[in-house]
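Annotated active site, nucleophile per Swiss-Prot: CYS406, in sequence order. Taken from Swiss-Prot, the feature [4Fe-4S] cluster binding site covers CYS83, CYS89, CYS92, CYS171, and the record attributes it to sequence analysis. As annotated by Swiss-Prot, S-adenosyl-L-methionine binding site applies to GLN283, PHE312, ASN317, GLU333, ASP360, ASP380, with the evidence given as sequence analysis. For 12-70, the entry in Swiss-Prot reads domain 'TRAM', with the evidence type sequence analysis.
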Amino acid sequence: MAQFFKAKPNSSKQLSAKLSLSVNQLDHLGAGIAQHQGKVVFIPGALPDETVTVQLTEQKKNYARAKLIKVDTPSSERVEPECPHYHTCGGCDLQHMSLSGQREHKEAALLDIMAKFAGAEGGALSPALTGEGWHYRRRARLATLFDKNTKHLSLGFRAASSSNVVPISQCQVLAKPLSDLIVPFAKLLNQLSAKASLGHLELIAADNGHFAVLRITKALNDKDLAKLSAFAEQHQIHICLQDNEGQFQGVGAELVLPVYQLLDDKAESDAVSLSFTPGNFVQVNGQINKAMVAQAMDWLAPAPDERILDLFCGMGNFSLPLAKMGADVIGVEGVAEMVTQARVNAKANNLDKLTFYHGDLSADLSLEPWMGKIDKLLLDPARAGAFESLQWLKKMKPRKVVYVSCNPASLARDSAVLLERGYRLQQLGLIDMFPQTHHIEAMALFELTK
């Protein structure tokens, strides 16, 4: 019999009564769904086919929310969370469900959203892109909190829906070498005279080593720098400091940039690497990112001299491999710093059939120098999606569109636009980028039919 104790969420009305409810399904955010007095009740932590004791925390006209008090009849999918911080840390929210159950739920949720909001029921369901369920994150940002009374600095993750920092000793989804650095780093930071002026700590596992980025709000003195330098040497890690202006400075050595390989099992002549500054966005799951890039290459099937447009291209995660396969690639990104790094990456990989542009992809694109007829289109937008960019489909007329999504809701909305413009959904597949969480990512292939 599992017991759960979590901080009370913000609510419009607190009710003290405890109820016994039967859970029939999960919502798209991973919360259990039950019925009570004609209302849908959302219960984080509950699973389908469970009988649970809950306490209502919020009541609206058509739904209610409840806190899970006790699992009376557990689901066959319920498992014991591996992380000792699971019930307080806000990082993971599905560790109580088997990995196979998580993936089955995510795939069903993806199909449901696409059918309900896009009317997209056609197309072949591609096998889900899956990898390791634990220690898969190659990057994580830990928060710090300095207690003025005890003079102690806590290092950990934010609690769910809170600014409170939960001190942690390990992270079961973080790469093991990075997880093993959490306790030593917490001890080190508490030895610094500037510990009250420290911000977050970012840990990165790259193909060329391990990295730590420490946010500082004022310059460190020589003694603190010496301690950081000694720690870096002892643990064989690159440490750099990020100041208030966003500038980076290496500790004890020149600043080294992390590097990732984008494709697996490639000869050195076919390898594609991506370097980045610590402030840039990169996919945190390296194993899945490689599988995702490979699947995008397979679905787009770039041919030499085809004109392929990569919108929301970042630093070249897809653009670089596309150009390596001989296509004429145009990458467009809204963050200027990432465009600069993308150009650096193109040069480092000796790719000359690749041009990057900086631009606002939610604005009028009609006069952009890259706008015009293309053969194929790749989209990898943020959670807001690519709705504005898709309004220019008629001018671009790509035969194929591969859409990589981190938000099924915006994917469904944008898919409706593609279907209205004469495209057919040919492939749809789950990308399990974040095991142990409710987050759903997906890839879809559309082909022009008229």
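Heads up, the Cβ atoms here are built off N, Cα and C, so glycines get one too.
The most densely surrounded of the binding-site residues CYS83, CYS89, CYS92, CYS171 is CYS171 (count of other Cβ atoms within 10 A of its Cβ). Under a cutoff of 8 A between CB atoms, and with a sequence separation of 6+ in the same chain, the neighbours of ASN317 (S-adenosyl-L-methionine binding site) are LEU262, LEU274, VAL282, GLN283, ASN289, VAL293, ASP380.
Cα to Cα, CYS171 ([4Fe-4S] cluster binding site) and CYS406 (active site, nucleophile) are separated by 23 Å. Taken through DSSP, the domain 'TRAM' (12-70) splits into 0 helix, 36 strand, 23 coil. Its Cβ taken as reference, GLN283 (S-adenosyl-L-methionine binding site) is surrounded by 22 other Cβ atoms within 10 Å in the chains shown. DSSP assigns GLN283 (S-adenosyl-L-methionine binding site) to coil in the three-state reduction, outside any helix or strand.
Each residue contributes its Cα atom, and for the residue listed as 'active site, nucleophile' and PHE312 (S-adenosyl-L-methionine binding site) these two points are 13 Å apart. Residues GLN283, PHE312, ASN317, GLU333, ASP360, ASP380 are the ones the record ties to S-adenosyl-L-methionine, and the longest Cα gap between any two of them is 22 Å.
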